[in-house]
Amino acid sequence: MSTTTEEAPAQRGRPSNPGERVAEWADGRLGLYKFAKSNLRKVFPDHWSFMLGEICLYSFTILILTGVYLTLFFHPSMNEVVYHGSYTPLQGVRMSEAYSSTLHISFDVRGGLLVRQIHHWSALIFIAAMIVHMMRVFFTGSFRKPREINWLFGWTLLFLGMFTGFTGYSLPDDLLSGTGVRFMEGAILSVPIVGTYLSMFLFGGEFPGHDFVGRFYSIHILLLPGMMAGLLVLHLILVFFHKHTQFPGAGKTEKNVVGAPFFPIYTAKAGGFFFIVFGVIAAIAAVATVNPIWEMGPYRPDQVSTGAQPDWYMGFSEGLIRVMPGWEIRAWGHTLVLGVFIPLMIFPLVMMSIAAYPFIEAWVTGDKSEHHLADRPRNRPVRTGIGVAWLTVYFILLIGGGNDIFATHFHLSINAITWFVRVSFFVAPVITYWITKRICLGLQRRDRDKVLHGRETGIIKRLPHGEFIEVHEPLSQQQLHVLTAHAQPKPLTLAPEVDENGVARKAGPIAKVQARLSQNWYGEHSQIPKPTAEEYEEITSGHGHH
Amino acid sequence: MAALVVLLFALAATGGLYAALAPAPKAQAQDSGQQSLAIEQGKKLYDVGCASCHNSNGQGSDDGPSLVGVGSAAVDFQVGTGRMPAQQPGPQVEKKKVIYTQAQIDQLAAYIASLGPGPAAPTKDQYSPADADVAKGGELFRTNCSQCHNFVGKGGALTHGKFAPSLKGSSSKHIYEAMQTGPQNMPSFPDSTMPSKDKADIIAYLHAVDTAQSPNPGGFTLGSLGPVSEGLFAWVFGLGTLLGLAVWLAARNTKAKKS
């Protein structure tokens, strides 16, 4: 029959290996082969700091996996129940179903406490890794064109991650997290005019009401992680599309990427690293308690515990509140609680200042070119200084947020710590900026010295006429590349006040500010001229003294 | 004449009632003998160890408050935990090595109690009865104590260097006495506001969650201090380990092997 003749060619081309057959079947429908061929050999540069983003990705994956397990047993309900589970110190206590089911997960579900602890430790490490990853990108200037959008994606992931964490640890409705939700309600109430309406809207009436656990649950398991997963994919697509940045070195240019291919080397490493991250977090969760809700008891608005802090990533907002003087303005029958409202306004400013930085730097430097070689932080002293100043503010506020723990554990007065934080908030970033900039310039001088005179070997040689000299070893080509590859841009200057036709030209105030900042960024006080080829020739040709 | 008879009857009735209702005279004599001996010994100890600040006869001075009416419970707590005699002035007098024997502390307490009526040191039935309710104690603790002492009694900061100490290792009697008398910066919870039963419940709760025998289902507690110690642990041991491993992994490339 005709069918047999039609089948024949198919039979001939059919691979004997079943695996190949499956591959062929899939390729015919998904076009995998073509995609894989062009992408599997994509090259990634190798540096430990390029693996920070991977820690974020893997801890996020762990969060999703463990989170799904927790949803199987958690009841997002504020119905009041009486506890009769296996944790004796709480038996017979009235609590919400959310709290009771979290106790159930912790004590009566197999592996429940371990999974809860993996979930919580992953969250703490996830956001810590995002901060470190962001700092790596910041200090190496990897946010410059064309990666500004991806910087914003990453920043948004951090911001959403903070609130996913907040809504997550509020779910068990324990005394500590309830205090945190009360704190947030207070912050919302401090907003003039709309504050009370917003609070009533969010909690479905007076705090705490019966709604917020259910609402936070939807936000925590659906809305925010959904947004984050989407952003994460976009973030990775852009990394793929832009290609990864690389540090300067011999053979590395703005136009190539030097490293290992995606498959098999990078996939093996990345896959292995996933299991390492999972293993480390699981080990930590197995030995160290996190968020022991059974110790804290169920939330009741009339109870509170000392040491009531948010998780660390919200710590700087706690610090802002704790150190802010309790100012209030009362007028026309209304109270404006500046002691809460000002911190509420500074909180997003702290975050947004770092988000806006790439655009500010691009405007100040007037740099419109693409960059694929990462900066060494020392070669951009102003940026590095600003980054350290930001970290200083962040860290100082963390101290403010934990002022009571610092007071008891270092035997200090909590008032003294609060005043230290108040003053340092303004003074310390200026000092650390200045110190960082000086250190960067010092390191640039040392680089210049190393390029021209080589590495100090520590070997002292005595010459025939009695003079002692230290032997300097010239750097290798690779090392010379690393130290001299960076560009040293000129600062922007204002156009002359009179143009070539003798017509007066007026520089606007914005242009003046831009020129001044640019002078600060790239002027003679912000970079040490790197050695020129002529200087290097001159010294290495034998005219130099050593 | 009738008035005289009425008076005689009244006197007889009063005397008879007194004879019937008064405590047994013999036992009282023995007790008060021991009592006055203890007071006498206590006064001697007081004059050596306490009077430099609290003044003679517990009248108080600029360096130490009056002890009239503080009762034996306060003495048993302050001296029994080593806080008194104080080592030096400061925001708060801290716990240290106890230098008196319990017998001497009892004598001091008897002397101070003789200066004026005050809360007496509790008996074992009061501070550790058999029927204490741990769960109710937890609720009472969270309502009355945890705002200074943390949710499981790990302590916390107060203003200007003062602090609520950790309750771990404190004896049941001392915890009871602290609630009864309100030492230093602590408010007092006399029986009129917090009945003896409630105090015992709180003590039972603390014993359930804050002793060396308390179970730690989650592993190391990191001090049970809340998110500050957890955050520090996540950064140092969590991220620290992962960064170390990232460096290790990045060093294992083909290029590194060749050289």
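Every residue gets a Cβ built from N, Cα and C, even glycine.
Nobody curates TrEMBL annotations by hand; they come from automatic prediction.
Summarising the annotation, TrEMBL assigns domain 'Cytochrome b/b6 N-terminal region profile' to A:22-248. On the 0 to 100 pLDDT scale, the domain 'Cytochrome b/b6 N-terminal region profile' (A:22-248) averages 93 in the predicted structure.
The annotation region 'Disordered' is assigned in TrEMBL to A:1-20 (among others).
Summarising the annotation, TrEMBL assigns region 'Disordered' to A:526-546 (among others).
Within the same chain, residues 44, 98, 101-102, 104-105, 109, 112, 115-116, 118-119, 122-123, 125-126, 129-130, 132-133, 136, 157, 171, 217, 221, 225, 228-229, 232, 236, 239, 244, 270, 273-274, 277-278, 281 sit at least 6 positions outside the transmembrane segment (A:50-74) and bring their C-beta atoms closer than 8 Å to a C-beta of that stretch. The annotation transmembrane segment is assigned in TrEMBL to A:50-74 (among others).
The transmembrane segment feature in TrEMBL is assigned to A:118-139 (among others). Under 8 Å from some Cβ of the transmembrane segment (A:118-139) lie the Cβ atoms of residues 49-50, 52-53, 55-56, 59-60, 62-63, 66-67, 70, 147, 151, 154-155, 157-158, 161-162, 164-165, 168-169, 281-282, 284-285, 288, 290-291, 311-313, 354, 357, 375, 377, 383-384, 387, 391, all in the same chain and six or more residues away from its ends.
Feature annotation from TrEMBL assigns transmembrane segment to A:151-171 (among others).
Taken from TrEMBL, the feature transmembrane segment covers A:183-204 (among others).
Proximity of distant same-chain residues to the transmembrane segment (A:216-241), defined by a Cβ-Cβ separation under 8 Å and at least 6 residues beyond the stretch ends, is recorded for 39, 42, 53, 57, 60, 63-64, 67, 71, 74, 76, 147, 149-150, 153-154, 156-157, 160-161, 163-164, 167-168, 170-171. The transmembrane segment annotation in TrEMBL covers A:216-241 (among others).
Under the heading transmembrane segment, TrEMBL lists A:272-294 (among others). With a cut-off of 8 Å between Cβ atoms, the residues of this chain six or more beyond the transmembrane segment (A:272-294) that come close are 51, 54-55, 58-59, 61-62, 87, 89-90, 99, 102-103, 106-107, 114, 116-118, 120-122, 124-125, 169, 172, 174, 176-177.
Taken from TrEMBL, the feature transmembrane segment applies to A:336-360 (among others).
Here the transmembrane segment (A:380-400) has Cβ contacts under 8 Å with residues 135, 138-139, 141, 312, 315-320, 322-323, 350, 353-354, 357, 361, 406, 417-418, 420-421, 424-425, 428-430, 432-434, 436-437, 440-441, 444, 520-521, 526-527 of the same chain, all six or more residues outside its ends. The transmembrane segment feature in TrEMBL is assigned to A:380-400 (among others).
Taken from TrEMBL, the feature transmembrane segment covers A:412-435 (among others). Here the transmembrane segment (A:412-435) has long-range neighbours at 319, 322-323, 385-386, 388-390, 392-393, 396-397, 399-400, 403-404, 406, meaning same-chain residues at least 6 beyond its ends whose C-beta is under 8 angstroms from one of its own.
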Worksheet item: By Cβ distance under 8 Å, which residues at least 6 away from the ends of the transmembrane segment (A:336-360) in the same chain are close to it?
Response: 134, 138, 143-144, 148, 151-152, 155, 158-159, 186-187, 189-192, 316-317, 320-321, 324-330, 386, 390, 393-394, 397
